[in-house]
Structures are given as C-alpha cells and as structure tokens.
Amino acid sequence: MKFYIEDLLVYFPYSYIYPEQYSYMVALKRSLDNGGPCILEMPSGTGKTVSLLSLISSYQVKNPSIKLIYCSRTVPEIEQATEEARRVLQYRNSEMGEESPKTLCMSMSSRRNLCIQPRVSEERDGKVVDALCRELTSSWNRESPTSEKCKFFENFESNGKEILLEGVYSLEDLKEYGLKHQMCPYFLSRHMLNFANIVIFSYQYLLDPKIASLISSSFPSNSIVVFDEAHNIDNVCINALSINIDNKLLDTSSKNIAKINKQIEDIKKVDEKRLKDEYQRLVNGLARSGSTRADETTSDPVLPNDVIQEAVPGNIRKAEHFISLLRRVVDYLKSRLKSQMLLSESPLAFLQGLYHATQISSRTLRFCSSRLSSLLRTLRINDVNQFSGISLIADFATLVGTYNNGFLIIIEPYYQRQNNTYDQIFQFCCLDASIGMKPIFDKYRSVVITSGTLSPLDIYTKMLNFRPTVVERLTMSLNRNCICPCILTRGSDQISISTKFDVRSDTAVVRNYGALLVEVSAIVPDGIICFFTSYSYMEQIVSVWNEMGLLNNILTNKLIFVETSDPAESALALQNYKKACDSGRGAVLLSVARGKVSEGIDFDNQYGRCVILYGIPYINTESKVLRARLEFLRDRYQIRENEFLTFDAMRTASQCVGRVIRGKSDYGIMIFADKRYNRLDKRNKLPQWILQFCQPQHLNLSTDMAISLSKTFLREMGQPFSREEQLGKSLWSLEHVEKQSTSKPPQQQNSAINSTITTSTTTTTTTSTISETHLT
C-alpha cells in the first residue's frame, strides 16, 4: 500500500499494516525531520524492520543524497534485514515505474562468510581464512611471478572498480555474483559500500575503531544510522575499547617480539632498502602510503577523533628501536602481574609507573598500534594472527596512552578452570559506553536506537550521554490477548519461590520449580523453553530433579533438550528440539539467560508456546570490573547501583520471554518464576507491550493458579481467529490508514491549513469591525 505521513509518500510492501507500525513510522519521520538521535521501542514480532526500511527508503526518494546505514548483531539478522529491503524496494520500484530512483542495497560480512576461493573457503576458523586471504592478495605476494594468487581478487582488481551495481545484494547474492563473474565478493562488497544507498552490516563495522576506520570512515555525515536490536549497545561499545592481558598472552608476545626481531635482522641482510623506505615514510608522516586495501589488517584501536594526525615520534621510527620499546612494555606488564594482590588504578597512575620504570612517555605509546601495523606490512607478514599477542599489547599501549577518563586498570586473580589454578589478569576496562557512541552522534545527521526491549528508555540516554529528539515506547494493539504473563511467587504448597542466593538451593524451592515444569509440560502443546540464571545453577537444579524423579515425569509429556556452553552441542540440541516440536511429540529446552538461545534465536509458533524464567538473571556482582562500572555510573551519571543491576537483569529477562512472540497471530505463556517479579520496581522495568497484559489476575500467583490461568488462555487461543476480526483495531487496511490525521496528502493538508487561516482571518476582521464600532 501507499500512504502519506505528513508530506512524505510511504511505500509499504503489504496490503495491511499494524497500528503500531504506523505509529512507529510517524515517530521515525519526526526524528528524521528534526535530525539528531532518537530512541524507539516497538513490540517484538510486529514488523519493526520492514517499518524502518519502508519509511527510510521512501524518505530517500525525497532526499536522494541520504545514505542508510543499518546495523544489526548477527549474520541471520543481517540476512533477514536484506530480504526485507528487497521486498520493500521491489514494491517501491513497481509502484514508481520509470520514475523509481536507481538504488543499491549492499550487505557486508567477514571473509569467512563471503570467500569463494576453494582452498580458503573450506576453512571454518575466521582467523585462518583471513590469514590465507592475505597470503594470496597481499601486494608483495602478487608481485612475485611464482607465488599462488587468488584469481577472484585479481579479477576484482582488474574490473571490479568499474562496475556499477544496482538492486539488493545479500551475502548469498554476493557469493553467486562472485562465482558467476569470477570476482571476489568480499572486496567487491567493501568497495561498493561507498556507493550503496543502503548498507546492512554488523555493529562492529561502525563501533569498533579498529574496523570502522577501514570500512565506514568515508560514509557521508548526512547518513541515517540505525542500530537495530540495540538493547545491549552499551556493552558493545565497552567491549570494543576494553582489553584483557594475562601471563600466557605476555609469553606469546615475547615470542612474537623475538620472531619479528629475527625477521628484521634477516631483511637487513637481503633487502635493507625496504626498512629505509619505511623509515623515510614515517619521517614524512606517511605510515600507510604504499599499502593497498588488501594489505591493511586493522587500524588504530582509538576513536577517529582521537587519532593523532602527525608523524611517528623519532624514537620508534627505526624498527629495532620500536621492538626494544615493545619489549620494555611487555617486561613491565609481566612485573605487574607477579603481584598476587588485587589492584586498581587509573590509566594516568599506570603511565606514571611505566614512565618511572622505562622512560616511555604516553605520547610515544599512542603510536604503537599504527607503528606495529606499518612494521608488519614492511616485513610482508601475511598471517598477522600469529602476532595477535603483540598486536593486542600495541593496541593496549595506544589506548592507555590516549584515554584517561572513563577507563580503569584492574589487576586481579582469575580462575583457570582447565588447570584448576588462579592466574593474575590485567584488565584495561572501558567504563563509559558514551565514549564509543560520541563519534557516531557527532558525525551523522540522524541516529536511531531501536529494539523490542529498551525499557526503561531513560537509562540508555544517561549511559550513552545523549539527548534524544524523539522518544517513543509503543504498546501492542490486539483483538485478543495473545500474551499471558504469569508472575509466579509460590508453589502449590504456598512456599515462596526465588533464586536468591540464600534460598535457591532449598529443597522446597527446587521441588516447586520442578513441579511447575511437570504441570506446564502436561497442558502446553508443542515447545517449552526454560531459562535459568546460569549454567551452574541449571546443572545443579536438573541433577536434583533427576534424584527426585521429576525428569521422568516431564519425559512422559515431552522430550528434554539442554543448551550447553559448547556451540556445536547446543546447535544439535536446538535442531532436535525443533524436530520434536514438528513431529507433535513436543519438547522442553533447558537453556541459560545471556546464552545463545536467549538472544539470537526466535521460537515462533509451535517452537515456543510457553517460556519459563527461573529467577531474575542478575549479572555476577562479584566482578571487580562490574563494581568499578557501577561506581562510575553512580558518580558520573547518577545511576544508582541497584537501579542499573535491576535494569540489566530485566532487559535480559525481557529478551528471554520475548523469544516466543514473533507476531500477532502467534501466542505464548510467559511465566516469571520468582517472587521478586511481583515487586513494582522490578515489574515496571518490563517493556510496555508486556506490562499492558499484567492485569491483577496475573500477579502473585501460585503454581496451581498459574496452571488454571494457562489452561483458560490456551482454550481461548484455540478458537478460530480471522483477519476480519482484527481489522480496524489490531490490523489496518489503507482505508484505516487514510483516516489518520497525519496521513492526509499534502494538498489536503494545505487546504486544511488555508481553511484554518481563512477562518481565523474572517474572525479577526469581524472582531476588528466590532471593536472599531464600539470605539466610535
């Protein structure tokens, strides 16, 4: 359908639209008109992605110079967004005909997901793929007449830069195009990003400085940036600027230094001019000159605004001097890790200690990362991953030399499970997520932060330190209540249930938790997903259930599958869980909050008719890094410790229960099995689209009350439900859309405005005449 939102004609590729989709697009349009950042929460499974793409692609028709940069978390989400973009653009083009603008939508991923070179693509490890690719595509390898080359890359270098693509290219499309034209999909994608109207890739290509400066630094400032599924965006920013160092890494770094030193000595004997040329480039401030796109590995780990645009200091221009400096840094870090005490200090205090011991200044440290990259290129090293140890040390040196505020260094014992010993770990921690977001907010005209679970919205604006132009928290419009939340506070024996540390192992609590699953598995059809607070607690409670005979009772109703920390095992368990649901046998999947199942996998329709959340998934508060971050948030942004911990736990809980609702025709039971969920300060941090169903009869339930409520709910959901019943309330046709005040064509809006002005003028004239008569 086509409809107006104010002065914008929107092309929406479906015949019907949800009211919340329309409201979402109105808020998004208002944000784009105003510019600046916005934060939008929309119910899970109500078509957020297609709403975004429809509105923004229509906005691009009116503003053709604007680029859309769409960021998501995982490869499946990138592929899903690309297919939605294909659907939106096909509809727009069919409606506009010859007037439709030529549009390129380009997705992007790693070499591992795009490589088509037979020998390289059969490797599963991404680091190995990267190394083999660089071996075949580096400029020095290609100069050698005897070395093996990649024909796909050679064809791209010869013809790829002249190609003008049009249409939508998913990762699979790129690989097919590459095979058909014998051209490298990875480098083609990287090249075409600069010309694409719509770019779809992962967060790291924009938020991780080491990658962003190579991939997205040339994007125009009038672009629209969308962070979809952005409920964990603060953690992405923090992880991109944090580094952990242990003794094993330092030993690897020492070996790396020795190996590099030997290669320098070898080159001096056969090709000393190469080192002299590099020295001259560094003197002239041209560290990257002479390198090609294929030679570049990663860039500086610091944000673009903080990169020093000047020549490398004289004391590290010579390769041997630089290696000597790295050796001193590594030795100093080794000495710091010898202490068995827990230590925390600011970067400034660390730099003072380093300078006192080694005479290395912070200014010199800032150049370590770029200097090492230059040296590895000069030495013509393809497999840079074998030097990952010293590369991480160089990244740390650059970061600690650049940043002070919002960072902390923590040295603490770390338990090594495989050796059953404690080893010291040196952690350079970013505490302030706003540092990573600031360059994005500063550069781009519009930044959209959106997800189904962003509540409470105000805490994101504090943590990321921005003032949104638009804030919207949408509810779900429904003709029937397809969500049944149950706040379970006690078992059928009226004993309170909770995973609080002091009661979580209580026999009565564990028994009640098991009895709940037995009863739920007897009445709920198809699939049930259970989330525990940790792997250790899941193992503990399942073991006790087995001793009590509860697992056998569950198995009479459904099969049981378990998520583990091993990705391959979990993938197999998930595959068999879905098979059991498809066959009608039904299944229970035992998984962990903050695990893979809780974040990236949807359980629509028969795969998720009920989700049980055992306890509140609080993060481990014993972590010294977390304690430091909590203190920072309290002092800097006035976010209280308990406020953040509850917020973090409830967004994780929302993600878990949101897995089972993937559309309005879907339905599911959400059981929050912990008495603490009944407290208002916890419950109010759930998304609005869940809260709207938390009526008094859903609160403070015992197991038998929850089972009774669930039976009634499932009977209601089993009744026939047609599209006609939804029309007008939870589903709109074009007729319903056009009745909205914001959906009048511009001519009608202008007529209404002119009519108002005319009426106002007439009234003013009449009033003026009366006043003059009165004065006379």
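Note: Cβ is positioned from N, Cα and C throughout, glycine not excepted.
The feature domain 'Helicase ATP-binding' is assigned by Swiss-Prot to 7-277, with sequence analysis given as support.
Residues within less than 8 Å, Cβ to Cβ, of Ser44 (ATP binding site) and separated from it by at least 6 positions along the same chain comprise Gly452, Thr453, Gly658, Ile661, Arg662, Trp689. In the three-state DSSP scheme, Ser44 (ATP binding site) falls into the coil class. The ATP binding site annotation in Swiss-Prot covers Met42, Pro43, Ser44, Gly45, Thr46, Gly47, Lys48, Thr49, and the record cites sequence analysis as its basis.
Secondary structure from DSSP puts Cys115 ([4Fe-4S] cluster binding site) in coil. For Cys115 ([4Fe-4S] cluster binding site), the number of other Cβ atoms no farther than 10 Å from its own Cβ, over all displayed protein chains, is 24. Feature annotation from Swiss-Prot assigns [4Fe-4S] cluster binding site to Cys115, Cys133, Cys150, Cys184.
Here Swiss-Prot flags 228-231 as motif 'DEAH box'. Within its own chain, the motif 'DEAH box' (228-231) has Cβ neighbours under 8 Å at 48-49, 52, 70-73, 77, 81, 449-454, 651, 654-655, counting only residues six or more beyond its boundaries.
The region 'Disordered' feature in Swiss-Prot is assigned to 736-776.
Annotated compositional bias 'Polar residues' per Swiss-Prot: 742-754, in sequence order.
Among the features that Swiss-Prot reports, compositional bias 'Low complexity' is placed at 755-776.
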What average pLDDT is reported by the model for the motif 'DEAH box' (228-231)?
-> 88
For Cys184 ([4Fe-4S] cluster binding site), the three-state class that DSSP assigns | coil
Checked against DSSP, the composition of the motif 'DEAH box' (228-231) is 2 helix, 0 strand, 2 coil
Hey, for the ATP site built from Met42, Pro43, Ser44, Gly45, Thr46, Gly47, Lys48, Thr49, who else sits with CB inside 8 A of the CB center?
-> Glu20, Gln21, Ser51, Gly452
Relative to the Cβ of Thr49 (ATP binding site), which residues of the same chain, six or more apart in sequence, are found under 8 Å away?
-> Gln80, Ala81, Glu84, Asp228
Compared by Cα position, which of the binding-site residues Cys115, Cys133, Cys150, Cys184 is the closest one to Pro43 (ATP binding site)?
-> Cys115
Starting from the Cβ centroid of Cys115, Cys133, Cys150, Cys184, which together make up the recorded [4Fe-4S] cluster site, report each further residue of the same chain whose Cβ lies within 8 Å of that point, ordered by sequence.
-> Arg111, Ile116, Gln117, Val120, Leu136, Thr137, Phe152, Phe153, Tyr186, Phe187
Give me the Cα-Cα distance between Gly45 (ATP binding site) and Cys150 ([4Fe-4S] cluster binding site), rounded to a whole Å.
-> 43
Which one is closest to Thr46 (ATP binding site) in space, judged by CA to CA distance, out of the binding-site residues Cys133, Cys150, Cys184?
-> Cys184
